[in-house]
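Novice: Sharing a structure below in structure tokens format, with a few things to ask.
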Amino acid sequence: MKDTFQLIVLDLLGSEGGFANRSRKADPGGPTNLGITQAILEAWRGRPVSVEEVKNLSREEALKIYRAQYWDSVKGDQLPRGLDYAVFDFAVNSGPVRAAKTLQKILKVKVDGVIGLKTLRAVKAHTVTSLINLLCAARLKFMKRLKNWQFNKNGWSRRVRHVQERSLELASNVTLKRAPMPVLDAQVNEQGAKALDEETSAFSAWLSPDGITRASMAASGLSGILAGSGPLQWAFALALVVSVGVAGYLLITKERAA
């Protein structure tokens, strides 16, 4: 629901913690601050960023990224209260596509990683509490299959347990208060490690926040070039198409390596 986002952002910040730069084996996300990886921040800003820039990421910018790249991607405003938080936290930790696919498998609808009208309609046919419990159980099961489970099992287990309890609380409408301000220390808080699978298809790679941002930037640039005419504009357009293809290849390679 629309008002849930403001209620749970501090819960999410508490789970993600502050700046961390652990080994790739433990956290494939690499340099991360407030749950935002270096790759996601680069895609958001449309340029390369340094580790220092990740470290200096403001809470205000992080919340904008949370809403645009994750909350909106999983249709948080249209999901029932409680389930919206469970899906959203899953998306931040493991990607919107993974969170959406897991929900769709539970609902027994087409599994395409995009929450649309059919998925939202199927949600209404189930009780919110049952979906929260099933989603959190499936999420933990997914995490246990990951190579970096051994490094993060305690933190991830605590995180999923908290998300489940908080989601059920929100669904029951017992209390709609915001969580207390968290202590942001990701160095000792393994809950914030990214739980990423080996989703390697080109379609899924382009559906990632990084892929969506890059594709949007490319489309904008191409439309600007084609607004003109003549061989020079077409040469620039061809160069842009080639660069997008190379970027797509590198993006898919990165998704496979993560």
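Placed from the backbone N, Cα and C atoms, the Cβ positions cover glycine too.
Summarising the annotation, TrEMBL assigns domain 'TtsA-like Glycoside hydrolase family 108' to 12-95. Annotation comment: TrEMBL describes 99-159 as domain 'Peptidoglycan binding'. The feature transmembrane segment is assigned by TrEMBL to 232-252.
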Novice: Mean pLDDT across the domain 'Peptidoglycan binding' (99-159), rounded to an integer, is what?
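Specialist: Taking every residue in the domain 'Peptidoglycan binding' (99-159) and averaging pLDDT yields 97.
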Novice: Do you know the DSSP helix, strand and coil residue counts for the domain 'TtsA-like Glycoside hydrolase family 108' (12-95)?
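Specialist: Going through the domain 'TtsA-like Glycoside hydrolase family 108' (12-95) residue by residue, I get 46 helix, 5 strand, 33 coil.
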Novice: Per DSSP, what is the residue count of the domain 'Peptidoglycan binding' (99-159) in each of helix, strand and coil?
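Specialist: When I sort the residues of the domain 'Peptidoglycan binding' (99-159) into the three classes, I find 45 helix, 0 strand, 16 coil.
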